[in-house]
Amino acid sequence: MHILVVGLDYKTAPVEIREQLSFEPSELGTAMSKLKEEKSILENIVISTCNRTEIYAVVDQLHTGRFYIKRFLADWFGLEKEDVSPYLKFYENDGAVEHLFRVACGLDSMVIGETQILGQVRSSFKVAQEEKTIGTVFNYLFKQAVTVAKRSHAETDIASNAVSVSYAAVELAKKIFGRLSDKHVLILGAGKMGELAAQNLQGQGIGQVTVINRTYEKAKELAGRFSGEPKSLNQLEKTLSEADILISSTGAKQFVITKEMVESANKKRKGRPLFMVDIAVPRDLDPAISEVEGAFLYDIDDLEGIVAANLKERRAVAEQVELLIEAEIVEFKQWLNTLGVVPVISALREKALTIQADTMQSIERKLPNLTHREMKLLNKHTKSIINQMLKDPILKAKEIAAEPNAEEKLLLFKEIFDLQVEDEEQKVEPVQVEQGSFQLFKPNMAQGFATVASE
């Protein structure tokens, strides 16, 4: 059993590739259930955002896990494996655990410390629970990821003054126009990204805001909160001819604004430039728009320069979060180690309770005149004796699981108590950890915790 991450993000794939491999939120449950049917996949969670698509899986073998996840991605999006492979990254075991914690804390985001990703991790976790695509390992691991992210926000300043992609879009507009107080901004899409853009625009004292959304009521609700004007989608072309700035994030599967629409709007603009930022994945705006005179088109990847300036200021704080993550990884490993001793403890309890039950049957045969109350008291007290006798051996077995020679000692433990452990898949195997010379032990993870792998 191994933990594996297969995915791509803004560092490994440009936006034109990411948009081809992006899951709709409504697809996540179906995708996870489908992936669960693949050979080698024991547990899985899919996380898909504008900047990343990642599959987290518990697999029985790393090489087969990689193969079937790559095949699943290619099949789901109608691509060839060879077209997908160059953009994929792989993390294994402790590298996978560390990566998840970094993602949840916002350390792996384009915008260091952003908190939106935590909500997306929690959302995917909830879907996986509903679809029953996860078990013991991921239930524990993802709860811990949420916990470490909350700790990073509470115990450090990583989330303070963190810019968002929407903030970066507004900053880019400010760099081009200087001041925004006399500009007309069109926000296309009333989702979370559109809301963040509206907040940042309000902070910059924007002159006029128009919100257009496929659902007019949502446009009206968002516009009302930021003193803007809502409009329906059929007014899009007319508004394009009036606005100075467009920030788009609809989540549509096809282009919402085409080159022809911008060319048509351009005829009424009298030479005024139109600045457009497409922060949607898949993209809302046809890349061919950049060929139109007076139209300046930027996508989410063009915002990295602005984000980089923010990154410098946040590196010291990020180091504090890294220390938290290191401690949480150790805690997860310790928990994982205890899984190896679970079947041993279960076998010990089962044997003791069998002896107690046989003893009670013998007493009942030899002392048939005992009342029901007397038998109940005897049953209670004999079980109490069993629990007291088992307490120290069980605690010792748990301590043994974390020791360097755990496998040898647990074998001796089983021999002493003559235990028959049926679940051989849960047997304890040594794990060589790269940091230091000690070994950890956990159920059926013979390859151990490896760092990020390449393929």
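Using N, Cα and C of the backbone, Cβ positions are placed for all residues, glycine too.
Summarising the annotation, Swiss-Prot assigns active site, nucleophile to C50 and lists sequence analysis as the type of evidence. Residues annotated as substrate binding site in Swiss-Prot, with sequence analysis given as evidence: T49, C50, N51, R52, S109, E114, T115, Q116, Q120. Summarising the annotation, Swiss-Prot assigns NADP(+) binding site to G189, A190, G191, K192, M193, G194. Residues or ranges marked as site 'Important for activity' by Swiss-Prot on the basis of sequence analysis: H99.
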Not counting T49, C50, N51, R52, S109, E114, T115, Q116, Q120, residues with a CB within 8 A of the CB centroid of the substrate site are G106, M110, V111, I117, V165
Of the recorded positions C50, N51, H99, S109, T115, the one whose Cα sits nearest to the Cα of G191 (NADP(+) binding site) is C50
Between the C-alpha atoms of H99 (site 'Important for activity') and S109 (substrate binding site), the distance in angstrom, to the nearest integer, is 11
Given the NADP(+) site G189, A190, G191, K192, M193, G194, its other Cβ neighbours within 8 Å of the Cβ centroid, in chain order, are I187, E195, L196, A197, N213, L222, S249, T250, G251
If you measure between the CA atoms of G194 (NADP(+) binding site) and the residue listed as 'active site, nucleophile' and round to the nearest Å, you get 13
For N51 (substrate binding site), the spatially nearest of the binding-site residues G189, A190, K192, using Cα atoms, is K192
If you measure between the CA atoms of G189 (NADP(+) binding site) and T49 (substrate binding site) and round to the nearest Å, you get 16
Cα-Cα, the residue listed as 'active site, nucleophile' versus M193 (NADP(+) binding site), nearest Å, comes out at 10
Rounding to whole Å, the Cα atoms of T115 (substrate binding site) and K192 (NADP(+) binding site) are apart by 12
Smallest number of other CB atoms within 10 Å: among the binding-site residues G189, G191, that is G191
Same chain, |i - j| six or more, Cβ under 8 Å of M193 (NADP(+) binding site); the result in sequence order is C50, V165, S166, S249, I279, A280
Rounding to whole Å, the Cα atoms of K192 (NADP(+) binding site) and T49 (substrate binding site) are apart by 12
A190 (NADP(+) binding site) sits from S109 (substrate binding site) (Cα to Cα, rounded, in Å) at a distance of 22
Students should find that the Cα atoms of A190 (NADP(+) binding site) and Q120 (substrate binding site) sit apart, in Å rounded to an integer, by 18
Going by C-beta under 8 A and a gap of 6 or more residues, the same-chain neighbours of T49 (substrate binding site) are I117, Q120, V281
T49 (substrate binding site) falls, by three-state DSSP, under coil
